[in-house]
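Trainee: Please find one structure pasted underneath; my questions will follow.
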Amino acid sequence: MQKSLTNEAKATSHARRLSLDLIRWVAIFLVLVTHLSPFFLGPSHPAAASLFCAAGRIGVPLFVMLTGYLMLGRDYSGDYLGRYLKRNLLGIFVAYEVWNVVWCLLSKLPGLPDLQNGFPISFGRMAKAALLVGDTGSALWYLVLTLGIYLGLPLLSRAVAWLEGEGEGRSALRRLLLAAALYFGLLVPSAQTLCVFFGVGEELHSVLNLNLFGATVWGESVWVLYLLAGYAARRGALRRVPAAALGACLLASFGIFSGMQCLSMTAGFGSPLSYSFAPVALCSVCLFEAIDRAEPLLVRAPQAFRSLCSCVSRWSFATYMLHFWVLAALLAALRLAGLDLSALQGASWALGVLAALGSIALVHCGTILAARLLSLAKPVARWAFLAK
């Protein structure tokens, strides 16, 4: 069993799937949607703003499922374990420490526009985050999550391989662990989200955290479910779901939590945008599987499109780390041009949507250009942008 899993991992690494590049592109695009759209779509555009806000929530789960797709099931032993510790685990740790300092310093630049999202970063918060004794308070939380995932991947992969093997009691234990992960990682948090949404005073929380070397970030136990969902997608387990049912689940789940977000913005309900809210998780998994199934169509796509997917995928981490600062430059340029974003938010929803999409495109292109220029210094490419 372990040998077959290793062979699958090697095949995955050698035969690059265009669908995975596209998933990474969609994921980073949705992260940009989360962070940029609020500057152009406000409470005066509740329907459009809630759609953008809800869609953006799917970005990080797609990234985590990609990790499960690519990294679970590998044989973390021998020479590969050494390479993994150096290239993956050490790489993400160094990148986290570098960007923790860089973001703190950049957030203190004079005349910097209000970027929200936890900026500016105090030196005290930076120091606690560097020592992993305090929350980042910013979008760097995703790197902490990734660090925790990478610490646990070798053990989780071995556990998954053992549970998939034959032996007395393994099947029952597998079902029990999956049920516990679903209960504590999805059902209880979903009930808590509904309590918040409807203003019910009951305080619910999962007593058990099922993450292996997890992190105290949004979602908690749900991240192991996203990892397993990505692994299940690679193993073909989700192919049993008919395409029509997959599409219906995708649209229905997105409609539920985007509609709830609209009510949150217009009628004073609580926010449903939790990574561990069942409709968010279901929508994320369905979108991942739908794009992965499109591989036969993607291989017939024009070479220009495939090259673009590969380029955006390669620089997705750099885009994540740089997009706030390219956004700051864009906002400063708009301010110098005399454009008032508050006035834009009061204009028509169509103009707000166009402005949001245009800014996302500009920031996305700007981050890739900046990353390519900065990566002329090889250590920056390797340790700051994790470019291979």
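Sequential numbering from 1, following the chain as shown.
For all residues, glycine too, the Cβ spot is worked out from N, Cα and C.
Those TrEMBL annotations? Automatic predictions, nothing curated.
Just lifted these from TrEMBL, have a look:
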DOMAIN    18-362  domain 'Acyltransferase 3'
TRANSMEM  22-41  transmembrane segment
TRANSMEM  47-72  transmembrane segment
TRANSMEM  84-103  transmembrane segment
TRANSMEM  139-156  transmembrane segment
TRANSMEM  176-200  transmembrane segment
TRANSMEM  212-233  transmembrane segment
TRANSMEM  245-267  transmembrane segment
TRANSMEM  273-291  transmembrane segment
TRANSMEM  312-337  transmembrane segment
TRANSMEM  349-374  transmembrane segment
Trainee: Near the transmembrane segment (273-291), which residues from the same chain, at least 6 beyond its ends, have a CB less than 8 A from one of its CBs?
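Mentor: Same-chain contacts beyond the ends: 19, 22-23, 26, 53-54, 57-58, 60-62, 65, 185-187, 189-190, 193, 218-223, 225-226, 229-230, 233, 238, 241, 246-247, 249-250, 253-254, 256-257, 261.
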Trainee: Could you pull out which residues elsewhere in the chain have a CB under 8 Å from any CB of the transmembrane segment (47-72), counting only those six or more residues past its ends?
Mentor: 12-13, 20, 23-24, 26-35, 37-38, 41, 88, 142, 145-146, 149, 153, 156-157, 160, 223, 226-231, 233-234, 254, 257-259, 261-262, 264-265, 273, 275, 280-281, 283-285, 287-288, 292, 349, 352-353, 356
Trainee: Would you mind listing the long-range same-chain contacts of the transmembrane segment (312-337), meaning Cβ under 8 Å and 6+ residues beyond its ends?
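Mentor: Apart from its flanks, the transmembrane segment (312-337) reaches 20-22, 24-25, 27-28, 31-32, 35-36, 39, 95, 99, 103, 106, 109, 111-113, 115, 117, 119, 139, 142, 359, 362-364, 366-368, 370-372, 375, 384-388.
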Trainee: Quick one: average pLDDT across the domain 'Acyltransferase 3' (18-362), no decimals.
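Mentor: On average, pLDDT over the domain 'Acyltransferase 3' (18-362) sits at 91.
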